[in-house]
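Novice: Just passing along the structure, written as structure tokens.
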Amino acid sequence: MAHHTMEEDLNILEMNTEHCNNSNATCAKTAPPPQEQNNLTSSTLTKKCSFLVTKLHCQRLRSFTANLKEVVFGTKLAVLFPAVPLAVFADFYGLGRPWIFALSLLGLTPLAERVSFLTEQIAYYTGPTVGGLLNATCGNATEMIISLLALHQNKVNVVKLSLLGSILSNLLLVLGSSLLCGGLANLRKEQIYDRKQADVNSLVLLLGLLCHLLPLMFRYALAGEYHSIATGTLQLSRASSIVMLLAYAGYIFFQLKTHRQFFDAQEEDENEEEKAVIGFWSAFTWLVGMTLIISLLSEYVVATIEAASDSWGISVSFISIILLPIVGNAAEHAGSIIFAFKNKLDISLGVAMGSATQISMFVIPLSVVVAWIMGIEMDLDFNLLETGCLAFTIIVTAFTLQDGTSHYMKGVILFLCYIIIAACFFVLKTPLISKYKSVYSNA
């Protein structure tokens, strides 16, 4: 171990002291003053905040662009979206009312389909029970909005005909097209479905038919007592509507709770492959926005339907029973045919018959109750021809689905039945409807 003398230790101590002093001086020279340090810290924070804000805006922009791509451009019906601003433009500048009607009708087609898509997206987050109720409520949003707006303008005949047409469209056109396309796409396969679901829907539809037949028969039974016909029919219709709403509540409980396996045996396999493509709040915001646009276009349709009928030479009954339901059922029509192509007839039946059941047992009686609250006299008497078409449609559909198997010939029969009914209302012009009503009111 090296030993140092006292003088050497003093020299080393002095050298270390000088080194420390020199180091402190250097540090003092290189370190910025406290004020400059604060300025540097504030500048750094400002830059970081600006970067975070910019990044947040970019994320929101990317999210909006992705949602826009899925919601607006995610359907082949997106080519009809330009009709929406064109309808608003036509109304603002006072163009021909038939043009407003036609553009509004075209604009409602993709909107009705997208509302169904957004409802399905929300159902992924809310669970099966709430999602099922939401689908039941929003599945026929277009028909419900048109009905409420028509009631507000006291156009009861338009309400009755459009809702009747929606039932006919679902049972004959949508279901018939699905069975036809599914049968042609699966010629070498036997298409089988669960009869339990079809039986339940058929029974509920027959109950609704009874509630429509009773006011008509009641009117004929009191043909000699003219003072009590209208009052008695109206009271019977309102009581029947309350019973129909209770029956529909029981149907929803049966479908979503106690016997859910009847309705979604194949749908579970389908849902396992699919996931939500947009967030809950994004889907909810888009749903509210599109519902408001549907309300605007529906108001145009209701306000211009008579002008379009006079201009085109087509009866209001044909427009209400055939054209309006085709627009409102665009989503059901497309979805039902797609599932039929995949040989998933249980889902196709659930879409077509479920929508018809909802219109018959929920939307129609709800319209009667709402009209009652508004002080408008709306009953369930749809006149002889309309009620006869409804009865024939429900009976022929029940017979078609009784054996649990399907082929394309069943679809052909249902589709041709719809064509014949459409031809009937095409030749039934509006003046003839007034004469028709007066003849039977005096019977």
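Backbone N, Cα and C atoms are what each Cβ position is placed from, and that goes for glycine too.
The annotation transmembrane segment is assigned in TrEMBL to 71-93, 130-151, 163-187, 199-218, 238-256, 277-297, 312-331, 351-376, 382-401, 408-428. Residues or ranges marked as domain 'Sodium/calcium exchanger membrane region' by TrEMBL: 99-256, 283-426.
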Novice: For the transmembrane segment (382-401), could you work out the same-chain residues 6 or more beyond its ends whose Cβ comes under 8 Å from its Cβ atoms?
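Specialist: Distant Cβ neighbours of the transmembrane segment (382-401) are 160-161, 164, 167-168, 171-172, 175, 179, 193, 195, 198, 202, 205-206, 209, 212-213, 216, 321, 349, 353, 410, 413-414, 417, 421, 424, 428, 436-437, 440.
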Novice: Per DSSP, what is the residue tally for the domain 'Sodium/calcium exchanger membrane region' (283-426) in helix, strand and coil?
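Specialist: Its residues fall into 121 helix, 2 strand, 21 coil.
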Novice: What stretch, picked from 71-93, 277-297, 312-331, 351-376, has the most CB pairs under 8 A with the transmembrane segment (408-428)?
Specialist: 312-331
Novice: Taking a Cβ cut-off under 8 Å, which residues six or more beyond the ends of the transmembrane segment (351-376) line up next to it in the same chain?
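Specialist: Beyond its ends, the transmembrane segment (351-376) has Cβ neighbours at 136, 139-140, 143-144, 147-148, 151-152, 154, 156, 159, 163, 166-167, 170-171, 174-175, 178, 197-198, 201-202, 204-205, 207-209, 211, 237-238, 240-242, 244-245, 247-248, 251, 329, 332, 335-336, 339, 397.
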